[in-house]
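S.K.: This is the structure I want to talk about, given as structure tokens.
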């Protein structure tokens, strides 16, 4: 009997192993490559050849290396012929670990991604990511429909809050999809994104202008996104740590079983247990995961950095003083609003015996531009600010007090929720009352208001006149909008065109894609960014997200014939003072080009205004929509003087 067949030889690691049949070498290697339990308890050929099986040898199930075991089971036979080298003679092998059927401990069979801490982290991250997606969708719709007007007031655009929620959803989704393939680059960029949220929080809560524009709505997406990023970082760290520990555990197990390993065999052992060698598709998945992690993390960091830059520019612009000595910020709360806003109103001093002129600017134009003697850059030097001609008359002493104001969302005024025509008209009236421009003492006809409305401002003037007719001295309509030209029921294609041309560019405004270059290239100033306008050309509306928001409210949210604005205009028709003196000035050029516009101007002059109220209907040639420019300026000045003589 050979030494390999004796019990003493089988129980010692230092004994010479039995000579294995060459045909079993490949089978042994296959067993090693998976580290799975043997498919059958049937003794191997080499064991049968030596006359010893698992059931026949008293030490076959408890052999150990150096007296140590892993989880109560031997790993001595996990790698067969481990350390075998060619001997000097044929058929001889060098000493190695005792031969045994491959066995793996219970700890080696567990799945590291199904441990309780990782399962809880994955579940929490999934919930937070879903909540971020829902919040991002809610805030996207909120930019037009103002869902949050009740519980979470804000006086800005709401675009920044949408982007913060979207960042949390984007990075959280990356953490969920590639949970089992964590990338260190994704971890690093997510950490940077989280740290960049800290200055955003400080600016939003410490800058007076930004706190008023964003608080408290911005707290919700900031808190949810911060939690999502924290759990994304936690899951990334825990999975990478678990994989590292599992790798170390398996390698330590193989090292204990084999005694000493060469450096190359360490890599081989890692490949055998699936730690290093993942196969072709495993490497592809790892590469895609790392690439996605890098892109997702960098995209999140870049967007947060742009938001931070834009908020910093807005906070700096918010320190600018009001544009005139006559300017005041008045706190008003229209009946349709859930909270008060600051409204910018500027009224000059003048002859109190004359009516007070109240100018309301067209859509896209802040009323404060009328206070400036020249247009702001980058407008042409020969351009004229809408409404400026009224202040020129006041400076010459030809009229009494002149007032202009920034509609909600324009210039220095806050954004108003649900800014329908009725709410805007109420905001103006509240401002005039708070500013003591109207009172019971000046209710008489000679001390009333001359309402001058240009374009969209004509609709506002009509509603104010309808709700407070006894305070109105006269009306001047400057190429004003009407119900038939402003309200419509767009087709699906028209609606989608408006959506892509107005909503999406507006949502991109907080990323400072236009504002930052204008600052770096010194193409704009704080005043030109606050008083951003669609006219004079070129338009600078892209530099002010509050203006973008206000125009969305005036168009996307209020242009339908089922909107509150249309209902307010219809209701005002019954109480409109049709017999109050009024002058209508229209662009002859525009009427010739647009039959619908021509018909609307005729209805305004001959049907909305009664025959006894219509003083004149002027059709100005060779001017566009802004009829008080060029030689049309004289026509507008004569109309004001005519109304004052009444």
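The backbone N, Cα and C atoms fix where each Cβ goes, and this holds for glycine too.
TrEMBL: automatically predicted annotations, no manual curation.
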S.K.: Any idea which of 76-101, 258-283, 284-309, 310-335 is down as transmembrane segment in TrEMBL?
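M.R.: Checking TrEMBL against the ranges 76-101, 258-283, 284-309, 310-335, the transmembrane segment one is 284-309.
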S.K.: Can you tell me which of 120-142, 162-179, 186-206, 218-239 gets the most C-beta pairs within less than 8 Å of the transmembrane segment (284-309)?
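M.R.: Maximum Cβ contact count belongs to 186-206.
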S.K.: With a Cβ cut-off under 8 Å, give me the same-chain residues at least six positions beyond the ends of the transmembrane segment (120-142) that come close to it.
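M.R.: Hits for the transmembrane segment (120-142): 148, 158, 161-162, 165-166, 168-169, 172-173, 175-176, 179, 220-221, 224-225, 227-228, 231-232, 234-235, 238, 507.
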S.K.: Checking distant contacts: for the transmembrane segment (218-239), what same-chain residues at least six beyond its ends satisfy Cβ-Cβ under 8 A?
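M.R.: Sequence-distant neighbours of the transmembrane segment (218-239): 113, 117-118, 121-122, 124-125, 128-129, 131-132, 135, 139, 152, 154, 160-162, 164-165, 167-169, 171-172, 174-175, 179-180, 182-183, 186-187, 190-191, 193-194, 197, 200-201, 204.
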